[in-house]
Amino acid sequence: MALLEVDDVVVRFGGVTAVNRARFSADRGVITGLIGPNGAGKTTCFNVITGLQKPTKGRVRYRDRDVTGWPVHRRARHGVGRTFQRLEAFGSLSVRDNVRVAQEIHGGPLAWFGGRRGAVSVEMLLDRVGITEYADERADSIPTGTARLLELARCLASDPQLLLLDEPSSGLDETETDAFGELLVELAAEGCSILMVEHDMDLVMSVCHDIHVLDFGEIIASGAPADIRTNPDVQRAYLGYAEGDGDLDGDTGVIPAVEEVV
Amino acid sequence: MGSLFAFTLLGLFTGAAYAIMASGLVLTYTTTRVFNIAHGAFGMFLSFVFWDFTQRQGMPTVLSLILVLGVVAPAIGWFIQRFVTRGLGEGPVSVALVVTVGLLVGLIGLAQQIWPPEPRVLLPFWSGTGWQVGDIFVTAHQLITLVCAVAVAFGLYLLLNRTRIGTAMRASVDNPELLKLFGGKPDRVAALSWAIGISLAALGGILLTPVVLLDYYALTLLVINAYAAAMLGRLKSLPMTFAGAMILGVLESWAVGYLPTDGFLASFRPVIPALFLFAIVVLMPQAQLRIGQVKGIVTAPVPSMRLSIGSGAGVLVVVLLLVNLVAPNQVLLIGVAATYAIVMLSLVLLTGYGGHVSLAQFTFAGVGALAYAKLDEPNLFGLLVSALIAAAVGALVALPVLRLTGLYLALSTMAFAVLMDKVVFNAEFAFKFNGTLAAERLSILGLRIGSDTAYVWFMVLAFVLLALGLLVLRRGALGRLLVAMRDSPSACGTLGLDLRWFRVGLFALSAGIAGLAGGLFAGLRGTVGAADFLYFQSLLVLLLAVVFGATSVTGALLGGTALMLLPELQAASPSMAGLLFAVIGFGAVLLGRDPNGIANHLFRVGRWLRSRVAPGLEERLQALLPRGGAADGTDGAVDVPLVDVPLVEVSGGDPADTMVIEKVV
């Protein structure tokens, strides 16, 4: 059953409709993909789910409660965690302190004055995402891919039930992406639900249980990876035509991946 | 009813002048993202220039007006944009605020220096001419004001909607970077809006001078009126700003007409703008968190605990020697310096660590002093309760404002400071008008700290303990949280931090520290009055805190000492009084971009000395002084002990921190 339901959400910025009656859900304990071309409204959907953006219309339901009017921090306290496409690491803190702060925020005021400690140690989280070697560096000096992993570790420190990952693998090389995919599968197996915006189609197709495709703010397809792969609407959204033979310049880096899959 | 019509009409005339001023403020803010707190001060300064042209030089009114509005004001606006505020809009709000507060203080100082205090009259235009409309007499000046406002509204409309550069101005409101990519020139747009903005400030000031008189402070405070009016349009919409200005003018006029002329309510008249402002702020919807704004910042290194304790002990020893050596009246001055230093510590927490600016910090000291005197509990309990009351007042001020962003907080604290200064502190239940309250020095465990020397030393002890407490906070979870909150509020929010309450708590804690300083100050003086806590003092506290370093406790100590010396220097050479303000103000303009201030440069000198001049000194000192550092404080200047300067990094700072600072400095 659905942990998160986005119901008929509309977001307008002035005259532009960024998200148009989007309706999708994410199930418990699985990885759900949210894909679509650039500017399709994926990040805006994330902002609506986390409360950073008020929807013009529509509701967001989480754990069967209507959370549309909830402030950002309240959703977070109920287990909604996210990473950012445009990085939001705490640049002036060390990598280790980034994770520590997250743990302290999660622990509440008692933890600030030296009381409670989180169940999972900061070192274990750094190790889990594989960035222990950067622990002492300032977060604004590490490579982008590493900073994305840091955001994931920071997020995990607050013990989320629903993890929203915004293009987590961009900046990672192939081996790192594979390891990252395994980590996601592990996390899902431990009961953490993941909703992921991602451009790397190999990764999406291999780890996601369900996929929703967003184009011009509308959900044009939903289903298992195998169905999405062959869906003509999706092919059109990505390629401009449905049954192409793929003579592409691939300037976004997205299209070749789809092409391989198709 | 005739008089209602009359007062409304009169209010519209004043409102028209506010509208002119406010539209200039909105224009500069929207196009360059720099809120010019000195907007009123520019109006004041240029009104003095206008007075100078017409009265002293004897130039014809029209020529003077053309010169001021068409040449002097635009030139100043262009200069300020080009050399002072350029690029500030992209940085942290706190820096832009400090720089424009610096301009405000600097302009007041400059005006006092050029035109020393003496009664001056600036006659209304065509004074004496007027017409009878119903039962009221409309002067030519009032009519001109209204005509000017209409002309400004129409002119701005044409400029923004019918010209190329106007279109570029509107584009630059949304995204100056994008404008640049499309071949626009954001710098030219910014310079033009500052030229027009300052010109409108001048016109508003000149038109209002017959109402508020040619006064350094009254004209400067018009920025609150302009800000209140502009807030109705959320600092964006010009039509709403005009509406806000008219409403404000009418409200003020009604207050003159219908509030009693004596008693507590009468004192509300001058603070209508501040009250109007609070009402709008409370009614405004909560601001949304935004993504992708701030990046990592560099702060002064945090000294090790051992070094901090050693330096604190050093300060205490030095002060102990000082209070026994200097003349009795100078002992009290050290106490005053300690008061300022503690208030500046509250700014280290709020501004240096937290990134928020308060323009009312000395007002909170006033609240603490008032509470301490009223409670009449001269002991630690009374002092603590006074601090708690100041903290509660701080929370009340911050609560409605902190739903919004840092800019609104700072501006609203200025309105709050004026409100307290003009109304609350002078009220019957407080210090009373021109009155004072007696406050006794406190006793600890029944032992009264009566003598000046002991009390002053106790105050310095309070400073040292608070500074140590602050450093402990900074090193701990709270310090990390503060840095994290400044780097990315959105990330903090999505990790579960309730930013609003966290900020309210921070602001309250800071106000509480200032309140504690106020309580101690009341005991030091024996009698305290409203005159001790003028709103202007808070601006000086902020500027000196930032100039000397708002990110370190050393900065607070240096800044406190400097602020204590300021009136002494002014008294020593009265002819230079204005110049000193100007130096402080414009000094802050120059140094305000780096909130780490002078203290950080001293730290750097200390590091350099350590590494170049005496590389082995550290080890030798360690060998000599197993407890470390006690001697550090004593080798600074005699009356300005430097807390943690020479050995800042002995065991504390980490190399990464240092490296980045060097890059910036």
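Note that Cβ sites are derived from N, Cα and C of the backbone, with glycine treated the same way.
All TrEMBL annotations are machine predictions without curation.
From the options B:240-259, B:400-419, the stretch TrEMBL describes as transmembrane segment is B:240-259. Annotated by TrEMBL as transmembrane segment, the relevant range among B:211-230, B:331-350 is B:331-350. For the transmembrane segment (B:504-522), the neighbouring stretch richest in Cβ pairs under 8 Å, chosen from B:265-284, B:331-350, B:534-559, is B:331-350. Between the transmembrane segment (B:331-350) and the stretches B:92-116, B:265-284, B:381-399, B:454-473, Cβ pairs under 8 Å are most numerous for B:454-473. Ranked by the number of CB pairs under 8 Å to the transmembrane segment (B:240-259), the listed stretches B:92-116, B:265-284, B:454-473 are led by B:265-284.
Panel annotation: around the transmembrane segment (B:92-116), residues 33-38, 40-42, 44-45, 48, 51-52, 80, 84-85, 216-217, 220, 223, 294, 297, 351, 355-357, 359, 405-407, 410, 486, 539-540, 542-543, 546, 575-589, 592-593, 595 of the same chain, lying at least six beyond its termini, place a Cβ under 8 Å from a Cβ of the stretch.
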